[in-house]
């Protein structure tokens with residue numbers, strides 16, 4: 001889920017929490033939770049009563065969910081819940097309250113470096129064909145350029161467009177780090193070594209978007225990225241940017 005928040009004033013689209021107009025996977029198609037049992041919908045409430053899908057996450061084990069730090073950053077724990085085991089953003093499956101949220105200690109909200117967090121649920125996530133722990137890329141996981149990766153989520157189907165109540169997925173490709181860094185440097189944005197770029201470079205039309213923040217990016221079924229930010233959505237020149245999971249393998253293990 002990428003969101004337009006305060007950074008929008010700088011011309012920067014962050015895949016942040018609580019979108020004013022949440023957006024979904026661009027250029028993909030509908031799918032089911034049975035195809036992606038490791039993904040969960042993160043629900044947010046402004047008033048503590050009415051919750052709506054605002055970010056995505058990945059099941060680590062029966063009590064912990066991986067997401068983007070910018071989703072829960074600055075919020076009270078009781079503003080967030082986790083919906084597991086459902087194809088649909090706002091119905092079905094099981095809904096879990098949270099006990100705690102752990103933000104990466106080096107998270108930088110200005111450039112979204114180290115944009116990673118772990119939510120601990122108050123109740124166990126029951127595993128079945130619609131809810132399973134994910135395989136997380138290890139520190140030495142080899143992921144080259146132009147590799148097929150898949151993104152999934154409940155974000156917008158176009159930048160500024162309507163939400164998708166049903167889970168969607170899209171095939172994109174990993175983008176060379178130097179190329180991605182250069183493209184974003186041209187508009188004053190920083191791509192660090194902790195980030196992983198993906199999209200359909202110089203073609204566009206496929207991407208994660210607002211509402212997909214925190215959700216997984218898969219390579220051969222292994223989670224290699226956490227949806228973080230981008231310049232609008234699905235632009236030919238600017239790929240999407242994820243937190244690079246291989247940089248956080250130890251931190252994830254030690255905190256879940």
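Each Cβ is built from the backbone N, Cα and C atoms, and glycine gets one as well.
In Swiss-Prot this protein carries:
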- 1-17: signal peptide (SIGNAL)
- 25-256: domain 'Peptidase S1' (DOMAIN)
- 55-71: disulfide bond (DISULFID)
- 70: active site, charge relay system (ACT_SITE)
- 115: active site, charge relay system (ACT_SITE)
- 180-197: disulfide bond (DISULFID)
- 207: site 'Required for specificity' (SITE)
- 209-233: disulfide bond (DISULFID)
- 213: active site, charge relay system (ACT_SITE)
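For residue 71 (disulfide bond), other Cβ atoms within 10 Å of its Cβ number 31.
Confidence across the domain 'Peptidase S1' (25-256), taken as the mean pLDDT and rounded to a whole number, stands at 97. Long-range C-beta contacts of residue 180 (disulfide bond), restricted to its own chain and to partners at least six residues apart, with a cutoff below 8 Å, comprise 191, 195, 197, 239, 241. Reduced to three states, the DSSP call for residue 180 (disulfide bond) is helix. Between the CA atoms of residue 55 (disulfide bond) and residue 70 (active site, charge relay system) there is a gap of 10 Å. For residue 115 (active site, charge relay system) paired with residue 71 (disulfide bond), the C-alpha to C-alpha distance reads 9 Å. Cα separation, residue 207 (site 'Required for specificity') to residue 213 (active site, charge relay system), rounded: 12 Å. Note on the disulfide-bonded residues 55, 197, 209, 233: the fewest other CB atoms within 10 A surround the CB of 197. Restricting the recorded positions 70, 71, 233 to those with a CA within 10 Å of the CA of residue 213 (active site, charge relay system) leaves 70, 71, listed by sequence position. In this structure, residue 209 (disulfide bond) belongs to neither helix nor strand by DSSP; it is coil. Within 10 Å of the C-beta atom of residue 213 (active site, charge relay system) sit 36 other C-beta atoms, taking all shown protein chains into account. Separation of the C-alpha atoms of residue 233 (disulfide bond) and residue 71 (disulfide bond): 18 Å, rounded to the nearest whole number.
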